[in-house]
Structures are given as structure tokens and as C-alpha cells.
Amino acid sequence: MVRCLALGPHVHWHQLRPALSAETRKPALEQIQQALGHKFADVKLLEEALVHPSANPRRSRAKSGKAKAVETPPTVRDYNRLEFIGDRVLGLVVATLLAERFPQAEAGELALRYNALVKQESLARFAQSLGLGDFIQLSRSERDSGGAGKPAILADACEAVVAALYLDGGLKVAERFVRRYMEPMMSEVANGAAKDPKTALQEWAAARGKAAPRYEIVSTEGPPHEPRFTVAVKLGNGEPAKGQGGSKRAAEQEAAGRLLDRLVTEKA
């Protein structure tokens, strides 16, 4: 069972704003660190990991053209840079965990499971299990529009927290955190995803800004009651991959799995 961040009945993340005294912020920050399982040498990394861009006065001024700051002092940075780093760290850790868990799996199968675990919906669920939504600093308008529950914001904050742990304590600290909280999700999420290569290929292409895969029936053989389909799939101008099956869908799934296997191998 994943344990949520528990800061006590009267402590919320908005109380951790730098505008408040160090005495007010310190107890809550210590409780968050305890829940994360890491004592930060640089606690500012943790604070930065939970500041949404809408709460960054510099970004707000640039966007609106107004000089008035919103909810944080000008010295505060938002989580954008940490989210960029955390995306890479999380990817490395999850890929390693999957390779350990499924030592006999081919690259394509691992890619299916990987995509299922690091997609936005899964990371948002991860963040929700930690209770991060209650502690993300948001502008008043973003908060009022339900920003604390938006999957994109939750997923970004999750990656930012992973980056903060990595930068403060190293890869082992980040890996321990991800393993502790994400491993219970691995079998449920990853096993389901491994059954659908077409979806995984679609997500792989979308994540890299590519057009959707194109499928084409190459041939149909056999008697009407027992046909054998051959389907080709390709991304853009790349080389196609072929698959066969007793139905069009089965052939498409096999072709998608083969193409994804090749793409992952080429990128390795």
C-alpha cells in the first residue's frame, strides 16, 4: 500500500511559501522529507519541485506584461527545469526496474511496459498516491480551476520531485524512492499494456511528435473460413514491418510489435 504524504491536520503546502518565516516552514518541510524517505541537504530543491509555473512571478509578469507579482517572491523558481531532469532520471530508473523484473523480455515488450508506466496518466496516479496535489504551489486562478487535480500538473510535479531527490542525493536515492512507490504499480499497469502493441506504438510515435502509424493489408491467403492476413505498418518514410495473423487486427498487432521492437533496438 502506497503511503500518502501526511503533513498533519493543520499543515498544507501553501504554508511553505518562502514569504513565511523559516520557523513556520521548517516543521512541514521535515515531515515531507520524512514521507519521501530522504533528508535534503538543499531543501530549496524540494520547494522548487512543487512550484507550478503559474506561481512563478517572473513567468506571470512576462505573460501578462504586469509588474505585480502573484504568490511567490521573485527569488523562487518553478519546477520546469527539474521536471526536464526528472523525466530523464525516471526513465532510466523505470527502464532498469523493468529489465530486472522481466529478464527474458525482448526490447519491444519492455518498451510496451515502459510506455505504460511513464505516460502522463500513470505518473499522475503516482503523484495522487503521494498526495502531491495538495502541496503544489499554484496561482490563485490555476488553483481555482482545479489545477491541483490536473493529470499534466501532477505528472510534471512527480518528475520534478524525482529530479530533486536525484540532484540532492544521487541516483541511488532517486531509484530507492521510485522503487518504493512505483513498484506496486508495475505489474498491474505494465502487464496490461504489454497486451496491446498497437497502442504502445501509437504512444511511442506521439511522444516523439511523429505522425500516427499507417497500416496496410499486404495480402490475404487461405480459405474464407480460415484466412491468413499479412499487414505492413510504417511510421513516416521509415521501413515497414510486417505481421501475420488469422484476423486483420491480430496481424496489425504483430506488425506493430515488430516495428516497435526494431525502433527501440535502433535507439538503444
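Placement of Cβ uses the backbone N, Cα and C atoms for every residue, glycine included.
Because TrEMBL annotations are produced automatically, they should be read as predictions rather than curated entries.
Here the structure is a predicted model, which means the values were calculated and not measured.
According to TrEMBL, the protein carries these features:
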BINDING   GLU83, ASP156, GLU159  Mg(2+) binding site
DOMAIN    196-265  domain 'DRBM'
REGION    236-268  region 'Disordered'
COMPBIAS  259-268  compositional bias 'Basic and acidic residues'
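Listed by sequence, the residues of this chain that lie at least six past the ends of the region 'Disordered' (236-268) yet keep a Cβ under 8 A from its Cβ atoms are 106-112, 196-198, 200-201, 204, 210-211, 213, 215-218, 226-230. Apart from GLU83, ASP156, GLU159, the Mg(2+) site neighbourhood in this chain, defined by C-beta within 8 angstroms of the site C-beta centre, holds TYR79, ASN80, LEU82, PHE84, GLY86, ASP87, ALA155, ALA157, CYS158, ALA160, ALA163.
Most other Cβ atoms within 10 A: among the binding-site residues GLU83, GLU159, that distinction falls to GLU159.
ASP156 (Mg(2+) binding site) is surrounded by 27 other CB atoms, counting those within 10 A of its CB over all protein chains shown. For the region 'Disordered' (236-268), the DSSP-based tally of helix, strand and coil residues reads 20 helix, 5 strand, 8 coil.
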